[in-house]
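Quick look at what TrEMBL annotates:
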{"type": "TRANSMEM", "residues": "A:6-26", "note": "transmembrane segment"}
{"type": "TRANSMEM", "residues": "A:38-61", "note": "transmembrane segment"}
{"type": "TRANSMEM", "residues": "A:73-97", "note": "transmembrane segment"}
{"type": "TRANSMEM", "residues": "A:125-152", "note": "transmembrane segment"}
{"type": "TRANSMEM", "residues": "A:187-207", "note": "transmembrane segment"}
{"type": "TRANSMEM", "residues": "A:227-249", "note": "transmembrane segment"}
{"type": "TRANSMEM", "residues": "A:270-294", "note": "transmembrane segment"}
{"type": "TRANSMEM", "residues": "A:314-332", "note": "transmembrane segment"}
{"type": "TRANSMEM", "residues": "A:365-385", "note": "transmembrane segment"}
{"type": "TRANSMEM", "residues": "A:418-437", "note": "transmembrane segment"}
{"type": "TRANSMEM", "residues": "A:479-500", "note": "transmembrane segment"}
{"type": "TRANSMEM", "residues": "A:506-524", "note": "transmembrane segment"}
Amino acid sequence: MDLVRFDGVTTVLILVIFFGVMLYIVRTIAKKQEDADAYMTAGNSVGFGISAGSMTATWIWASSMYASATSGYLYGISGPIHYGLWGALMILFIYPFGRRIRSIAPKAHTLAEVLYVRHGRSSQLMLAVSNVVGSVISLTSNLIAGGVLIALLTPLGFTHGVVAIAVGLLVYTVWSGFRASVLTDFIQVVAMLGVVIVLIPALFFLAGFPEAFTTGAANLTPEQSNFFSSEAFLNQGAPYIAAVLAYAIGNQTIAQRLFAVREDLIRKTFVTATLGYGGTVIGMGMFGVLALYLGMEPLDGDPNNLIPQLAATYLPTALLIGFFVLIIGSLCSTGDSDLSALSSIAMADIYGQNIAGKEKADPRVMLLIGRLTMVAATAAALVLASMRLDILDLLVFVGALWGALVFPVIASFYWEKVTNAAFTTSVVAALALFIPVRFELVDLVGPLAYAVDVLAILGVGVIAGLMAFGFFGLRTGRIVGVVAAVVVTPFAFGAVHSYAVLSASLIAYSVSTLICFAMSVNSGRTFDFSVIRQRTGNFDEKEALEPREDPLPDP
Amino acid sequence: DVIWLTIYVLVWPAVVAGILYVISRAFFAEWREARREGRDII
């Protein structure tokens, strides 16, 4: 099946106009001498509209729309909910912790930077490395999505697409860093949401709905027709609920926005982004449900092709250009955020805290390191993309790994007794148990199976407890955690070990929590959280007092 | 039934439209304020 709808000239023209607009917008805010702190967090006082737009755009990426549609195609009408809702809650459930972190480190740049002051180097690097791995994988995945889309819809090849997107991303992001990322995110989110508003109803009617709901009903199994499908919940929803806090903690792109937005606007920003992401990703996931009703077979047997396939089959050229911009915008808004996240980790964590030290760090060297990091990250992502690895599976795996970090990281920002040894030991031990369960390296039979079940049930309690703790405090968190563990026990005990991905994810939470708590509770350690405010902050304050060169003239 | 399925599919663009309105309105208010004060919006 041939989906090519654009000629080469049209494709190049769309890409040149898209990246030209981004470059023009970035040039309006560019300075000859950028501020190193603004390069990472834009001065910690970004307004609601721009930060809500940026958070929404960053969390919506091409793969999230494709995966939501895949979920709809595989699990039926509840599939997109079980993908998009939990993805949206990742944004919602992190904000209470974000407010706490901002209150103790109002001018920090990365979560790992705060951990350095709280614990020391090993905890910092543990989180920073996991952030770097996640962002490089995400960047690679976005480049692959761009290459695949261009190869599907145009005569240009996969490599042309990947290189074009990578170069475009780097050119508009490298000079102004996070400021460029956030400002272009807003433009991209307006374009993306505008297209979604038109695209879903247009495709719905052009594909013959609502009549096709009747004529195509036979294409669905009873489970796919059931809005409360247990199959959809167990295979798609439950593993994602387990990942809600893990992705949010393990992702520097969220942390960067938590540090950038004006402190009193955190809740408003993150609630709005939750709704924006949920509406868009669940809405685009409906394409998978429509494809199921139409009895459509995915191109090359890959459900990830369903959205481009539906678009190329039913949409007129004008709307198809809109669809093309939607996908390019979604992968660029996430890709530029990944570049900014990686540069801030290199600037603040590697150079600022570990090489030069906070007092001796030179803001100009820092900026150079940030820009070189973006170039290196783009090159690395290009190499990985050329290998055509199943990069999304890798991201799901890394996301589950992040579960080991959740309790130690969150507890470190609230509880003075948590020690560096407790943090690192608990994370390493959780990973050591996660790997054999996740990859089924041991036969889970007899007492071992029951042990895994018990740890997984405790993991459910930890997740529910932490979620409630963020919003309602310690007492409610404890009650919700215990109740959740008790409620799932009759269903999970004796059964959950047979779901390797789910049980491994839950074990990562429970093991790190148990060990971190056990090693901390009698540690006798005290910690003055006000120290964090003093030892994290602007690297560029000395320069801010000196006269700056004029901004570039308006283009 | 068909009516509920139609609403279920088409409610999401409506949610997205609401969010787009909220963030656009806030953005342009911030943009006007930044222009009035003679600074960049970010």
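Placed from the backbone N, Cα and C atoms, the Cβ positions cover glycine too.
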Discussion item. What residues elsewhere in the chain lie close to the transmembrane segment (A:314-332), defined as a C-beta under 8 angstroms and at least 6 residues from its ends?
Written reply: 5-6, 14-15, 18, 22, 57, 60-62, 64-65, 142-143, 145-146, 149, 153, 165, 168-169, 184, 188-189, 191-192, 195-196, 198-199, 202-203, 206-207, 308
Worksheet item: Is the transmembrane segment (A:73-97) close to the transmembrane segment (A:506-524), in the sense of at least 3 CB pairs under 8 angstroms with a sequence gap of 6 or more?
Response: no
Response to the item:
Here the stretch out of A:6-26, A:73-97, A:125-152, A:187-207, A:227-249 with the most C-beta pairs under 8 Å to the transmembrane segment (A:418-437) is A:125-152
Response to the item:
Here the stretch out of A:6-26, A:73-97, A:125-152, A:227-249, A:365-385 with the most C-beta pairs under 8 Å to the transmembrane segment (A:187-207) is A:6-26
Worksheet item: So which of A:6-26, A:73-97, A:125-152, A:365-385 is most in touch with the transmembrane segment (A:227-249), counting Cβ pairs under 8 Å?
Response: A:73-97
